[in-house]
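Asker: Below are the structure tokens for one structure; questions will follow.
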Amino acid sequence: MAVEEQKEALLKRHYYENCPGCKVEKLKESQGGLPIRELFSIWIVVLCNALPISSLFPFLYFMIRDFHVAEREEDIGYYAGYVGCSLMLGRALTSVLWGVVADRYGRKPVIITGTIAVVIFNTLFGLSVNFWMAFAMRFLLGSLNGLYGPIKAYATELFREEYQALGVSTVSTAWGIGLIIGPALGGYLAQPAEKFPSIFSKESVFGRFPYFLPCLTISFFALVVCVVSCWLPETLHMHHANSELDEPREDVETASLEAGVKCKMQNVKGKAPKKSLLRNWPLMSAIIAYCVFSLHDMAYSEIFSLWAVSPRQYGGLSYTTEDVGTVLSISGAGLLIFQTCLYPYMDRLLGPILVARICGALSLPLLSSYPFIAMLTGLSLSIVLNCASVVKNVLSLSVFTGLFLLQNKAVDQDQRGAANGIAMTAMSLFKAAGPAGGGTLFSWAQKRQDAAFLPGKKIFM
């Protein structure tokens, strides 16, 4: 108790004048009430970076078909899986590097760089003329956008302790809504010359590149967010290198005493020693669970869209891209309401671990019902499918939010970027396997519609 009081007293009276992290800490102490502006800033940054991840899924089936790379219609899922996994493959190779950059140079440069990558490479993806160009643009987008790990650390540092759960929940909410609104935009805006011939002619750029409009829309939004991000505060403390030059000696002694108190507090809390993240079992267990659910969620995102637009004869729903966009828009609205109004209450009542366990267990029977949903038609199909989609996304985001909180509470601030970089690398590898494996499984299932053992329509989900 005495150590805790000493630590609090030291932190309250000692700040470094030229340290951006200290400025944020002073601002947090002086602020009162709900930090709406900061929550909105994080929300739009995460949203614009999440939109391109899954925006291609509603039209990917038709894009691969237009590339004429698949010899048979049943093989489209294979190539769709490769394009779908390329972004996560690129992210897996660079996530740790971006985490180290965020710990050394700050969270803000990584945020701005990642948003610029969305502007450039998502636009070029919409202009793809063949399979390999589409694959390369998605790969480069994933490689140069390392924002998702550092933004979670940023969310825990920007808010006071009582609002940290809300900050992390904002990240996961915006990310989840982006993964839902992205496909909705892709579904509504793809092939505009066919859907809106009075506005877009077939000779226009949107007629020659039928999948350019959704990509351009997302890139324009990312450009606006990139400009706004220049005014975001930096939260990383940068006074270690120049503290002896900028501060009087008694301040240096105080800083040394503060470092000693922090060291004692680490021992009290039982955290792993610094530079031993791989031996930090609370962190690694949260990352393992995060990877498993990420694999499952990414595979679901691709298979759902491919399944919905594929013909009924192959076990699909024969939906159009616009129909898929409608389903995902409803899911996004339901997710926003739940994560904003209900999740904080559930977190206080049950805790993040129990919420994640319950939601993970409920996902299994829900997904098992999808083959039976395909047997419905008309209004009953629309109602049941929309309800199932809303519940599925609510369960997934509840799991991810709990795991985000566990990851960031398992390490200190100067290791959060690297810790989230490790999580992003592992998660990206699993998410890369999700679309590739999901696309392969989808194509294989379409060829086994009437098999006696594991018929195709029973193994989609």
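Residue 1 is the first one shown; counting continues down the chain.
Cβ atoms are placed via backbone N, Cα and C, with glycine included.
Please treat TrEMBL annotations as automatic predictions, because they have not gone through curation.
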Asker: Can you check which of 324-342, 381-399 TrEMBL lists as transmembrane segment?
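Answerer: Going through 324-342, 381-399 one by one, TrEMBL flags 324-342 as transmembrane segment.
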Asker: Check the domain 'Major facilitator superfamily (MFS) profile' (38-461) for me and report the mean pLDDT.
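Answerer: Its mean pLDDT is 79.
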Asker: Would you call the transmembrane segment (110-135) and the transmembrane segment (324-342) in contact, using three or more Cβ pairs under 8 Å, pairs 6 or more apart in sequence?
Answerer: no
Asker: At a Cβ cut-off of 8 Å, and with pairs 6 or more apart in sequence only, do we get at least 3 pairs between the transmembrane segment (324-342) and the transmembrane segment (209-232), yes or no?
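Answerer: Since fewer than 3 Cβ pairs under 8 Å link them, the transmembrane segment (324-342) and the transmembrane segment (209-232) do not come into contact.
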Asker: Where among 40-64, 76-98, 281-304, 354-373 do we find the most Cβ pairs under 8 Å to the transmembrane segment (209-232)?
Answerer: 40-64
Asker: Quick one: find which recorded stretch in 76-98, 165-189, 354-373 has the most Cβ pairs under 8 Å with the transmembrane segment (40-64).
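Answerer: It is 165-189 that shares the most Cβ pairs under 8 Å with the transmembrane segment (40-64).
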